[in-house]
Amino acid sequence: MINLVVLPIIVPLFIGTVLLLFRKSLLAQRALGLFGAAATLVVSLFLLAKVAEDGIQVVTLGSWAAPYGISLVSDMLSILLVATASLLTLLVLWYSVYSLGEKRELSFFYPATLFMLTGINGAFTTGDIFNLFVFFEVFLMASYVLIALGGERIQLRESMKYIIVNVVAAALFVITIGYLYSITGTLNMADLAVKLGDIGSMGVISTVAIMFLVVFGIKAGIFPLYFWLPGSYYAPPLPVLALFGALLTKVGIYSITRVYTLIFTTDVAFTHDMLMMLAIATILFGSIGALAYMDVKKIIIYNIVIAVGVILFGVAAFNEVAVTGSVLYLIHDMLVKALLFLMIGVLIFITGKTNLREMGGLIRHYPVLGWTYLVAVFALAGIPPLSGFAGKILILQGGLEGGFVWQSIVVALSTMVVLLSAIRIFIYAFWGAEKSFNSPPKAKYVNRMIPVVILFVITMGYGVFIEFLMPLFQATGTQLMDSSLYIDAVLGGEK
Amino acid sequence: MKSNDLILQTSTRVVFFIIFLFSIHIFFAGHYTPGGGFVGGLLMASAIVLLLLAYDFKTVKEVLPFNYLGMTAIGMLIALTTAAGSLVFNVPFFTHWYDYFDFPLLGKTSIHTAMFFDIGVYLVVVGITLTIIEMIGGDS
């Protein structure tokens, strides 16, 4: 089956389209929506097994030879992200069956989510820079639908901002691709890497590299460009927020990782130093935000920004250990952010409030939520046996090996901020004197907790059994640092 | 609208079919000359918009009782199925195929699977355009 690479993209697209035909039936929407995400997860796990066994998988669409047709490339990094994205979409859809409300569910929620998964999987998989732009637009269009879904006042305001920022970023993306195309005359990423390697170091190429950093930085939320993120992510309903927080910024991070390890490696001293500075600034400003708020959603949203900085620090350090650590931490962060947002969702559902000062004493009535939340916070901060640890320690090791001493210290200290900001939610909401809430029925709480607990178990398993997964991540690091593997797979491996 | 639209309505009856045929022509010409599914679809949509201008929503809905959202979905499915046919033959996704056929009236003609993809595009463009116009212009 040579088309296995394509399946994680077309399965959600197909089922999302079929869902448009049954827009009135709640049962069909829920069943097919969950089935679509589950099927995507199954095919991406097959592909993961295939990539782990046989190396990088390539399909060049339409049987045209590599630099002329569009290549879809599945290396370890892309398939790990595709599998994680599909898993999270499945669990968040399951959660939203219980929490979103019928009216929103019937307003194209499931098709839009599946189309967003299509775009995200496509962006992770594509080997063509213009095709990357197209897949960016696919998931952005779907995310415009999701952010405005329900049409509350705050959603209209924030979706307006979100759309304007992303339209500007998209225009800049096209312009940047135009520059790159006028320099090299090709759009295929592997071919670009070869051509730019031949040209060598040139001022205009560094300029284009920084322009790509700006474009992807707007999506990823790095330091001067994250201004839209806290407001826009505050607006949509919680399942949507969980999807956005876990997946959307990560596409930006993936794109930066891809172009800065594959294409723009000729002038590392300039481009990667720039990335390093921005990553450190992102961590600092994210930390300020995370400590400043007493609003549960805002605290976790600013934690996204901190994690973006930590991951990009690993990419900027640009050695195999640090990049491997970045990938480990990236997967961990997707899992744990989705988990935290869903838990916050249950918390807000119970109390009906988002301000921490109005909560208290929940541990007596909701012990499962309380203790799983505490462990999830420890995982987020990276306390040893849990999932954040292995990635961060490798990032720090790589950073020190690269000679970035004070930067590594900032990254290590950011752990304290993360722990402090997230543990405050535990202290305020679960400890202390009980405040009166109009507590919802127990059955509804249990329904919501099932997908949350499943995700919790997966996240913990990812941390505890990381030893068994390490070969996959080491392969990822090797593939990322040795771009000739990617180039040979795309350009050399024609069958 | 109370005013008498006799001239507009009568000329629309004629012009509609001209635009309709031109849209079909542009669609089939797309492989060798400028045109194709997107332009053809827009022309078809503009023909229906002309009908909407001359008559009202209810009349047009009676004459053309389509569910435009469903049309969009079916167009997508046609395009996707055409591309996914390659899964059956185990060739790379989107690989197209063509051959020559003898038809009773048209004679020897080549059929290329890219045309079926374009039919999908055509339906999506018509469906989306009219969904938008229906949503904005239709009475709430």
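From the backbone N, Cα and C atoms, a Cβ is placed for every residue, glycine too.
No curator has checked TrEMBL annotations; they are predicted automatically.
Features of the protein shown, as given by TrEMBL:
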TRANSMEM  A:6-22  transmembrane segment
TRANSMEM  A:34-52  transmembrane segment
TRANSMEM  A:72-95  transmembrane segment
DOMAIN    A:128-414  domain 'NADH:quinone oxidoreductase/Mrp antiporter transmembrane'
TRANSMEM  A:130-150  transmembrane segment
TRANSMEM  A:162-182  transmembrane segment
TRANSMEM  A:202-228  transmembrane segment
TRANSMEM  A:240-263  transmembrane segment
TRANSMEM  A:275-293  transmembrane segment
TRANSMEM  A:300-318  transmembrane segment
TRANSMEM  A:338-356  transmembrane segment
TRANSMEM  A:368-386  transmembrane segment
TRANSMEM  A:406-431  transmembrane segment
Cβ contacts under 8 Å made by the transmembrane segment (A:202-228) with residues that lie 6+ beyond its boundaries: 136, 161-162, 165-166, 168-169, 172-173, 175-176, 179-180, 183, 196, 248-253, 255-256, 259-260, 263-264, 266-267, 270-271, 274-275, 278-279, 281-282, 285-286, 304-305, 308-309, 312
Cβ contacts the transmembrane segment (A:34-52)/the transmembrane segment (A:6-22), at least three under 8 Å, sequence gap 6 or more: yes
Long-range environment of the transmembrane segment (A:406-431) - Cβ separation under 8 angstroms, sequence gap at least 6: 276, 280, 283-284, 286-287, 290-291, 294, 296, 299-300, 302-303, 306, 309-310, 313, 340, 344, 347, 351, 356-357, 359-363, 366, 370, 373-374, 377-378, 380-382, 392, 395-396, 399-400
Cβ contacts under 8 Å made by the transmembrane segment (A:368-386) with residues that lie 6+ beyond its boundaries: 303, 332, 336, 339-340, 343, 346-347, 350, 362, 392-393, 415, 418-419, 422-423, 425-426, 430, 449, 452-453, 456, 459-460, 463-464
Residues from the same chain, set at least six apart from the ends of the transmembrane segment (A:338-356), whose C-beta lies under 8 A from its own: 88, 91-92, 95, 99, 238-239, 241-243, 245-246, 294-297, 300, 303, 362, 366, 369, 372-373, 376-377, 380, 422, 424-425, 428-429, 435, 437-440, 444-445, 448-449, 451-452, 455-456, 459
